[in-house]
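*Asks:* The following block contains the structure, expressed as structure tokens.
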Amino acid sequence: MGSGISSESKESARRSKELEKKLQEDAERDARTVKLLLLGAGESGKSTIVKQMKIIHKNGYSKQECMEFKAVIYSNTLQSILAIVKAMATLGIDYVNPRSREDQEQLHSMANTLEDGDMTPQLAEIIKRLWGDPGIQACFERASEYQLNDSAAYYLNDLDRLTAPGYVPNEQDVLHSRVKTTGIIETQFSFKDLNFRMFDVGGQRSERKKWIHCFEGVTCIIFCAALSAYDMVLVEDEEVNRMHESLHLFNSICNHKYFATTSIVLFLNKKDLFQEKVAKVHLSICFPEYTGPNTFEDAGNYIKNQFLDLNLKKEDKEIYSHMTCATDTQNVKFVFDAVTDIIIKENLKDCGLF
């Protein structure tokens, strides 16, 4: 009988040890799992950051996957030229080329009959001619006065390549493509011995109520704000400046009780577009009190401080900021490497794994 108890005890001890080991493994896996929440107003570059994670950490886009973006790229291109043509009338700008009026009529006719995402050689020629009209170019220069995709010039300047027979989108074409994010999109990848779960949440106002489900157990928030949006208004409310909306949103997230212990990283994105714009449009259009030099560095630092000054718990909570260009893979790779080091330092120093 004694040996029976002994073997039962051994079995019990073995099971107990196995359970302990499993609990330890689960704890280690959980400690190595990083839940990243990407937040920010609409069109701030969140989805482009997600695409970069696929390029940098998940073997990029296959030819087949790139081909799936072709219709989106053509749709973005058509929407851009239609938006500029519409703004010509609103802003009272005339065409210079005599043929452009006829091209405009044909453009509208074809846009109404073609399937979304189609691009015929005839349509491509019409778009090319219109884009070459000095009146259209003058209207494009005033893009902040109406809603236009950031990718407009990228695609319209490269129509010959985009509409050539056998065209296969490259990664830059994919990165510049725009589809409004609705709901929550999760991307998983591994980096520096950590398992990342990145959640991209729709930025337009109507999408924000869905964020609440993502709050629990978030390791780090990356907040994207478009530097170049300082002279632009919201798609969903043309009375509201995009930069002001972004600051308002950042304020509510940065000081939210849910995120008291969450690392927050600020991506001041679209620095390339900001650099172009700041040479032409003074920052005082957004911040009337700003009287400093209208340079990339001075104006950029001023915007950065507008965000950082919203942090009400500076002594307890540091907000890390980076100027980014989400379409620049090397820039995102460098910045995300730094973000990962912050996560390791802030969140894993107490678990004894590093």
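In case you wondered, yes, glycine gets a Cβ from its N, Cα and C as well.
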*Asks:* Which range, 114-119, 156-161, 300-305, 324-329, does Swiss-Prot list as region 'G5 motif'?
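*Replies:* So the range that Swiss-Prot calls region 'G5 motif' is 324-329.
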*Asks:* Suppose you had to name the range Swiss-Prot annotates as region 'G2 motif'; which of 92-100, 173-181, 344-352 would you pick?
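*Replies:* It is 173-181 that Swiss-Prot annotates as region 'G2 motif'.
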*Asks:* Going by DSSP, give the three-state secondary structure for Asn269 (GTP binding site).
*Replies:* strand
*Asks:* Based on DSSP, name the secondary structure state of Ala326 (GTP binding site): helix, strand or coil.
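*Replies:* SS state of Ala326 (GTP binding site) = coil.
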*Asks:* Can you tell which of the binding-site residues (Leu175, Val179, Val201, Ala326) has the fewest other C-beta atoms within 10 angstroms of its C-beta?
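*Replies:* Each of the binding-site residues Leu175, Val179, Val201, Ala326 was scored; lowest Cβ tally within 10 Å is Val179.
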*Asks:* Counting only residues 6 or more past its boundaries, what in the same chain has a CB within less than 8 Å of a CB in the compositional bias 'Basic and acidic residues' (8-26)?
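*Replies:* None.
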